[in-house]
Each structure stands twice: as C-alpha cells, then as structure tokens.
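Visitor: Just passing along the structure, written as structure tokens.
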Amino acid sequence: AGGIAEMAELGPEVRKKTDKLDAVGNTTAAVAKGFAIGSAALTALALFTAFAEEVVKSPGVSSALHGSHFVLNLLEPKIIIGLFIGGTVPFLFCAFAMEAVGKAAFEMIGEVRRQFREIPGLMEGKAKPDYARCVDISTRAAIRQMIAPGLLAVITPLIVGFGFGAQALGGMLAGVTVAGVLLAIFMANAGGAWDHA
C-alpha cells in the first residue's frame, strides 16, 4: 500500500496510514514465519516416523531393526554418510534457490534496460512499457531456475536409498530434518533483521 501511495503521489496523511499498515503486516509476517517453521518441523518428524514404520514392514532390512523398531546406530558408517548428505541438502537447496532469484532478477533488469533503450518516450512517461514481457520473463525464470532445487529434493533420497540402503536413507532424513529446521530458523531471523534494519 505504501508503494502505491508513493507512486500515486498521495498526501502525507495517506502515507502515515500506509506506514502503520506496513508495520502491522511486517510483524504479522515475522510471527507467521515461526509458525510455518514449526509446522514444517512437525511434518518432517511425522514423515520420518512413517518412513520408520514402513521400513519395519519391509523385508530385507533386518540389520536396521532392533526387535520390532527401526534404529539408527550412529556407529554404522552408512548412517553417518546419510547424516552428512542430509545435512548438506538444505544448504544446497538454499544456494540453488538464492542463485535462482539472482538470475531471474538480472534477466528482469536486462529487459527493463532494453525497454528504456528501445521504446521512445518511456523515460519521459509518454509511452507505456511492455508489462506482459516482464511478467513472462519473471514467470519463465522462476519455473526454469527452480528445476535444479526440485530435482535435488526428489533425486537425493532415491540415490541414497537405492545406493546405500534404508539405514543411510534414515540417516539422510534425520540430517535433513535437523539441518533444515535450524537453517529455516536462522534464515527467518536473519531475513527479518535485515528487512527491518
């Protein structure tokens, strides 16, 4: 609302009201991030429990069982390998996602500069920009750049599970859960601090 009021050149009293709305919106978003992280952590734990229950039912995984329970023995090398792989996946995913945002932004900047160069009267406000082209670039870039993070999330468990077995996959899921929750809390707090600095 503040940006719209600024572009529409509305009076300072309107800007005061939109600033209050902006502050409330930022606070609400910051609080909601905590709830979102908490619900994601609980969902990950529920999925890990479902995985453990399925492993118990599956034939050929007796080495991972302790009685009728699925156990992750930290002295087992495959589990350590899985933990380290799982611990790196959230960081790789975030790196791919941040790189995607940067690439999409630079594509948009290139298009905006092209329009300023090629559309006469755009700088003076006498001509309209090609909004559809900008929307098309941002949509295509968003979809194209998120292929790598999506493939990482889908392919990694398959490689670990088929390559190293159920124990390594359990270790990977545990590593992803712990590292992912901690990284989410860190990034939410850091982003909130930078946003309100």
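Any Cβ shown, glycine's included, is placed from N, Cα and C.
Checked Swiss-Prot, it gives:
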{"type": "SITE", "residues": "ALA29", "note": "site 'Determinant of potassium dependence'"}
{"type": "TRANSMEM", "residues": "31-51", "note": "transmembrane segment"}
{"type": "TRANSMEM", "residues": "79-99", "note": "transmembrane segment"}
{"type": "TRANSMEM", "residues": "146-166", "note": "transmembrane segment"}
{"type": "TRANSMEM", "residues": "168-188", "note": "transmembrane segment"}
Visitor: Is the count of Cβ pairs under 8 Å between the transmembrane segment (31-51) and the transmembrane segment (146-166), pairs 6 or more apart in sequence, 3 or more?
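Guide: These two stretches do not touch.
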Visitor: Do any residues of this chain, six or more beyond the ends of the transmembrane segment (79-99), have a C-beta under 8 angstroms from a C-beta of it, and if so which?
Guide: 72-73, 145-146, 148-149, 152-153, 156, 160, 164, 167-180, 183-184, 187
Visitor: DSSP secondary structure for ALA29 (site 'Determinant of potassium dependence'), reduced to helix/strand/coil, please.
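Guide: In the DSSP reduction, ALA29 (site 'Determinant of potassium dependence') maps to helix.
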Visitor: What parts of the chain pack near the transmembrane segment (168-188), using Cβ distances under 8 Å and only residues at least 6 beyond its ends?
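Guide: Tertiary neighbours of the transmembrane segment (168-188) are 30, 33-34, 37, 40-41, 44-45, 47-48, 51-52, 55, 64, 70, 72, 78-91, 94, 156-157, 160-161.
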Visitor: Please report, as numbers and ranges, the same-chain residues at least 6 past the borders of the transmembrane segment (146-166) whose CB is under 8 Å from any CB of it.
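Guide: Distant Cβ neighbours of the transmembrane segment (146-166) are 55, 58, 61, 64, 70, 78, 81-82, 85, 89, 92-93, 96-97, 100, 172-173.
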Visitor: Using a 10 Å cut-off, grab the number of neighbouring Cβ atoms around the Cβ of ALA29 (site 'Determinant of potassium dependence'), all chains included.
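Guide: The Cβ of ALA29 (site 'Determinant of potassium dependence') has 13 Cβ neighbours within 10 Å.
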